[in-house]
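Take a look at the structure set out below.
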Amino acid sequence: MKFELITTQGRARRGRLVFERGTVETPAFMPVGTYGTVKGMTPEEVRATGADILLGNTFHLWLRPGEEIMRKHGDLHDFMNWQRPILTDSGGFQVFSLGDIRKITEEGVHFRSPINGEKIFMDAEKSMQIQHSLGSDVVMIFDECTPYPATHDEARKSMQMSLRWAKRSRDEFDRLENPNSLFGIIQGSVYEDLRDESLKGLLEIGFDGYAVGGLAVGEPKEDMHRVLEHVCPQIPADKPRYLMGVGKPEDLVEGVRRGVDMFDCVMPTRNARNGHLFTSEGVIKIRNARHRDDTSPLDPKCDCYTCTNYSRAYLHHLDRCNEILGARLNTIHNLRYYQRLMEGLRGAIETGTLDAFVADFYTSQGREVPELKD
């Protein structure tokens, strides 16, 4: 992987990730394909929304279908017929989410399979091995996602263990002679001194890119913004910066303003299946009765397949009838909305008009622009 920094405006960055399987324009949003599919979508449909790269889930793909079946197909690209870049998370967040059915130790995580209750163990080495078999273009280190809230001492212990796991991840990645890229994950909860310690340790190990983890786990937005404002300027300018698991459209805008290059989130796809659709004027809840006889498109400013072919009334009808097509059309639109937002941000950075773009984004939704600290 090669990262090219094309231009900047303030802290915002316009760049490009170059992989053997294709180029990713940044800032970029990665649709989430947890089980090797973006729910309800073919790879061709996902690509048509403007996506350059997808995210796959190491934990779930390890449980089903498993490494053996993956190897028989070649790798995840061949298995799901997506011949462009794929980033896989390490499985740490999913294990963290298991709650009472998992036990975290220095060695790794013991847990019971959420599928059949089988006892399973995952550690840094196993995570690297699984991601190697998936053929991931970007591999994420195995880490512990620090819960929120956490005391300073709790966050420190969690962060320091993640640093030790980061070194083990790096060593195993190198032992496997994996030709792809490995990203470190900065932890430390909402504590700036712990974020500093985490980043310093990761830089000493050395990675191809750096993610900010442990955010969007319940902390106030002000804390997320503060952490990004503190951490992003310290990440080497020639390395991509990835904000994990974020988020709402305004979170992407605020992340870009603070120097983030990559994002992922289930929100556009999950919300689509629940009838919550993102538009240039805010969120539309398509199952509300007021859309029953509305012949207008979902978003007149959107060029997606859904908006150019169907009315709000039709989408309302499909949603009320629980038709699969409704979820698919909603997903196409939401993913295209996110990609159009990223395209707009990239163009604004290139032309030096980011401030105006951000102001228009918030004004169209009747909101004020959040403060950006120097």
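FYI, residue positions are counted from 1 along the chain as it appears here.
Each Cβ is built from the backbone N, Cα and C atoms, and glycine gets one as well.
What you are looking at is a predicted structure, and each value in this text was computed from that prediction instead of being measured.
Summary of the site annotation: Swiss-Prot records Zn(2+) binding at Cys302, Cys304, Cys307. Screening the candidates His230, His276, His291, His333 against this entry identifies His333 as the one listed for that site. The substrate site recorded in Swiss-Prot includes Asp89, Ser90, Gly91, Gly92, Phe93, Asp143, Gly214, and the single candidate from Gln9, Gln187, Gln234, Gln339 that the record places there is Gln187.
Segment annotation: Swiss-Prot labels region 'RNA binding' over residues 269-273 (candidates 39-43, 114-118, 269-273, 349-353). Other residues of the same chain near the substrate site, with their Cβ within 8 Å of the Cβ centroid of Asp89, Ser90, Gly91, Gly92, Phe93, Asp143, Gln187, Gly214, are Phe96, Met140, Ile141, Phe142, Glu144, Cys145, Ser162, Ile185, Gly213, Met244. Least crowded of the binding-site residues (Ser90, Gln187), judged by neighbouring Cβ atoms within 10 Å of its own Cβ: Ser90. With a threshold of 8 Å between CB atoms, the same-chain residues lying at least 6 positions outside the region 'RNA binding' (245-251) that come near it are 93, 215-217, 221, 224, 263-265, 267, 278, 337-338, 341, 361-362, 367, 370. Gly92 (substrate binding site) has Asp264 as its nearest neighbour among the recorded positions Asp264, Cys302, Cys304, Cys307, His333, going by CA to CA distance. According to DSSP, Cys307 (Zn(2+) binding site) is assigned to a helical segment. In this structure, the CA atom of Cys302 (Zn(2+) binding site) is 21 Å away from the CA atom of Asp264 (active site, nucleophile).
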